[in-house]
Each structure stands twice: as C-alpha cells, then as structure tokens.
Amino acid sequence: MRRNRVDVITLGCSKNLVDSEVLMRQFLSNGYTVHHDPASVCGEIVVVNTCGFIGDAQEESVNTILEMVEAKKAGRIGSLYVMGCLSERFREDLKKEIPEVDAYYGKFDWKQLISHLGKSYYAEAENRRKLTTPRHYAYLKISEGCDRSCSYCAIPIITGRHRSRPMEDLVEEVRMLVKHGTREFQLIAQDLTFYGLDLYGANRLAELTARLSDIKGVEWLRLHYAYPAQFPLDLLPVMRERPNVCKYLDMALQHISDPMLGRMRRRITKAETYELIERIRTEVPGIHLRTTLMTGHPGETERDFEELLQFVRDIRFERLGAFTYSHESGTYCDKNYQDDIPESVKQERLGELMAVQERISAAHNEAKIGSRLHVVIDRAEDGFYVGRTEYDSPEVDPEVLIPFVSGQELNPGRFYMAEVTGAEPFDLYARIVD
C-alpha cells in the first residue's frame, strides 16, 4: 500500500469516465497522486466508480468491489469507497451485502466523499478534469440525466431529469483542453438531442456544435447518444458544412417493429424511423451511422425479430452494437411486463443479429480498400500503429492498423493521410501516403 496515493477504478460508460476524471482532479488539488489502472491498484484510498445499467454491468461492479475487499484484507490497499450508478440504485443493499467497504456514495456525491476524507472541495476544478484518455482526445459530457421514459431503462431512475451544462462552460472547457493538446472531442450525454431545452427553452445542440467547431485547434467533433424522436434537424447542415464535425452519428434505435416500439415507449414509429434515416443520409452525404439494438424485450415475437433483421439488412448501418434485454427493478417493464423471453432465445437472437451485421460491416470495410482517409494515431502495439478515421469513436468502433515501416515513425495524436490496403469485418489495414 502506498501512502498519499488514490486509485480510481471506472466501470461502465464514457459518461462514468468523465465523472472519474472530475473526481481525480479533486484529489490532485488536495495533494494526492492519482492513478487509473485497475491492474496496479495499491493506494491508501481506492474508489470504485460503478455501473448499474443492466445485469451484466451490475455483476461486473460487484465482482470488482469484492476483489478490492480482498485486497484490503490483504493489506494491499487502504480505505475502500464505492460510488456511481450501482451505489446510487442499491446503496442500502450493498451496505448489507458488502459491509467491508468503508463508505458508499451515490453517482453525484463527490463533495461528500472529499468532505469525509477531511479535504477541501474545489468548485473551480470541476471543469479541469484529469484526463484518463490519451491527451489528443477527450469525452465532453454536455448534459446529465434523461427525461425520456423508455420502458426498459433505469437511467432516469439513477441520474434524474435532464440537466444541460451551460454552453459557455462547455466552450471554455474545450478551449482549455485544446491548449493542453486535445484535438478530438466526443460529445456525450444520456440524451444528446435534448440539449438546451431546460436551460434555454429550445434545442441548442446545433448551435453548441457550431460554436465548438469554431474553436481553433479542434480537429474532430463526434456526436454520441442521439435520440430519434424529435431529432433536431437543424443539426444536419452543421454536420454537412463543417469539416471538423465528423460525418458520424451515434443514434440508439433499439428496435423497428411498431408493436415493440410501442411497448418500449420510444415515441417513434417504424415509418418515421426510416424517414429520419433517409433524411440524415440525404442531407449529410457519406455519414456513418452507429446504432444500438436490443433483443428479447418482453413481448418480442419471432415476427418482430425478423422485422428487426430485415431493418438491419435494409439500412446497412456502418456501425452497430446490440445487447439482450435486462429486467431492471423500478422500470416501467418491471411494473407492467413479465420477463417472458427465455435467456437462451435472447442470446440466440443477439447472435443472429450480430452475424448479419458482421457481413454488412465486412462489405463496408472492403469497399474502402484503395480509398484515402485521414487517420489519427492512438498508439503503437504489436508491430502496428493503431489509429482511427473520423468514422470511428474510441473503444467501440473499428481501428486502422498501419504496419511498422523502417524509417517511418508515427506520433500518437497526429493526423495522417492513409490509403486503405486491406479489410476485416471490424478493422482496416492501411499505409501512410503523406
């Protein structure tokens, strides 16, 4: 155990990662050294920032807490604190089941944790995060919470109502990060497309995106977690006309069959979904769409699932992720539906869905062979420089693998022109041409 050291372990999504970065800055401001590597935890203070979204994430969080309890018993770490979404939802249960943890805090209880340690909370440090990502890219959380009421989702229970961050704060944070070398920003939120309604009485996502793209030094802005219902169409000209706004949109659709969209309380129809996708692709030529789909929601029939498969074949998404339904306490589903789809059927449908997408992804990537794309280098690994195009977000999307060449050194964080020389379903191979 090392004195004056804090280890923060982050589980779950990029929004959770931003929360950890805010907390780490508070520890730094109080004179601690901070670390964010779960493989080398040995601090006198350990904070596990948990995820509580679905069953698998909850299980991972509990297992991580138990691992840290064992490390504490063995004397490898000092005090152990748990915060985040799982603790927000199930704090009292966790206290009973794992009492060895020194204290449990909710998702937004940074001040209470710092106060518990007898330290000062520095409000001015809230917009000066300690980045855990490579310096050249960062996640920018533009809002917190969600006002939607999807049947399956526990996020509004955990995070509360939607709360936009003031636009001036976001502009200032990006300017500051650019000064320290950040060039790429992933705009994230539980619901990106609700931005501004609470603060300004109108959707201001297009204006925010334009203002951020005007900041000198911003190379790429990428938009994550849009909601299809009431999509702000004024965003599309901004994406089309501004070179540093990536031709990329992450918009979770979940399903396509009208009966399922109704049961999910998505407030959009099949016809409206097709129309929106056509509008986006028409107004922003070359855009890459990423979506998330779900299998096994209560009431999903074979006909519903076949409709979903056909939708994926029709639209041919450039990027797609999927997961199985998880029956979460406190949700509309929990109160109104039975979890009536066997887990084996959920998994079988998930596998079939992803097999269809793998073939589509392979075709998309093969079509890129011979093309030239701007690539940012993230790291060197196993004989390759590993990078991404504007169509690829960190961690979740394909990567570009560029073999080492004698006499050629590529720098992480630099942008290069590359020619695609080969393709796999979820990766590209390339060579530098500039």
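Including glycine, each Cβ sits where the backbone N, Cα and C put it.
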- Query: Out of Cys13, Cys42, which is the one Swiss-Prot records at the [4Fe-4S] cluster 1 site of Cys51, Cys85?
  - Reply: Cys13
- Proximal but sequence-remote residues of the same chain as Cys85 ([4Fe-4S] cluster 1 binding site) (Cβ under 8 Å, at least 6 apart): Gly12, Asn16, Thr50, Cys51, Gly52, Phe53, Lys107, Ile158, Thr159
- Using a 10 Å cut-off, grab the number of neighbouring Cβ atoms around the Cβ of Cys51 ([4Fe-4S] cluster 1 binding site), all chains included. 21
- Message: Roughly how many Å lie between the Cα atoms of Cys146 ([4Fe-4S] cluster 2 binding site) and Cys13 ([4Fe-4S] cluster 1 binding site), rounded to a whole value?
- Response: 15
- Within the domain 'TRAM' (366-434) only, compute the mean pLDDT. 95
- Message: Centre the Cβ atoms of Cys146, Cys150, Cys153, go out 8 Å, and tell me which other residues of that chain have a Cβ in range of the [4Fe-4S] cluster 2 site.
- Response: Arg148, Ser149, Tyr152, Ala154, Ile155, Pro156, Gln190
- Identify all same-chain residues not among Cys13, Cys51, Cys85 whose C-beta atom falls within 8 angstroms of the centroid of the [4Fe-4S] cluster 1 site's C-beta atoms; report them in sequence order. Leu11, Gly12, Lys15, Asn16, Thr50, Gly52, Phe53, Ala57, Gly84, Leu86
